Amino acid sequence: MPVPLAPYPTPPAPFTVPPNGAQSQLVCSGCRNLLLYPVGATSVCCAVCNAVTPVPPPGTEMAQLVCAGCHTLLMYIRGATSVQCSCCHTVNLAMEANQVAHVNCGNCRMLLMYQYGARSVKCAVCNFVTSVGASPSTIEQKFST
């Protein structure tokens, strides 16, 4: 006598992209790749490492910086004063745009960012130390948002 088969469970409805196609981004908690996801998602599964990264609550303003130790892109909640890199554990100073200034390296001309008010900045490319605000030829620009 044949055994009746149970019906397959109904699959969950797939997440649909909002009509306007709005997307946001965050950094994977596993491999640190940048992930794009549709606005409204609560978590994102990385296609590279399969790590599931929770999405911050709506309205949470995020900022990003490049780690000074390993050059990994880090994302953090805006307003934090420091961010520890999960790859190399370097503690990075997180500054708002109006707290930083820019100057070109005195040796290789690379554009450098430094804390506004500092007397000098060391270039990460050539290790040259550029004095800022010390001579009229040094151009310093303060950015504010």
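Cβ atoms are placed via backbone N, Cα and C, with glycine included.
The helix, strand and coil residue counts that DSSP assigns across the domain 'Zinc finger LSD1-type' (28-52) are 0 helix, 9 strand, 16 coil. According to TrEMBL, the feature domain 'Zinc finger LSD1-type' maps to 28-52 (among others).
The feature domain 'Zinc finger LSD1-type' is assigned by TrEMBL to 67-91 (among others). Distant neighbours of the domain 'Zinc finger LSD1-type' (67-91): 25-27, 29, 32, 34, 56, 60-61, 124; these residues of the same chain sit at least 6 beyond its ends, with a Cβ under 8 Å from one of its Cβ atoms.
Residue counts for the domain 'Zinc finger LSD1-type' (105-129) under DSSP (helix as H, G, I; strand as E, B; rest coil) come to 0 helix, 9 strand, 16 coil. Here TrEMBL flags 105-129 (among others) as domain 'Zinc finger LSD1-type'.
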Calculate the per-residue pLDDT averaged over the domain 'Zinc finger LSD1-type' (105-129) and state the result as an integer. 88
Take the domain 'Zinc finger LSD1-type' (67-91) and count its residues per DSSP category (helix H/G/I, strand E/B, coil), listing them in that order. 0 helix, 9 strand, 16 coil
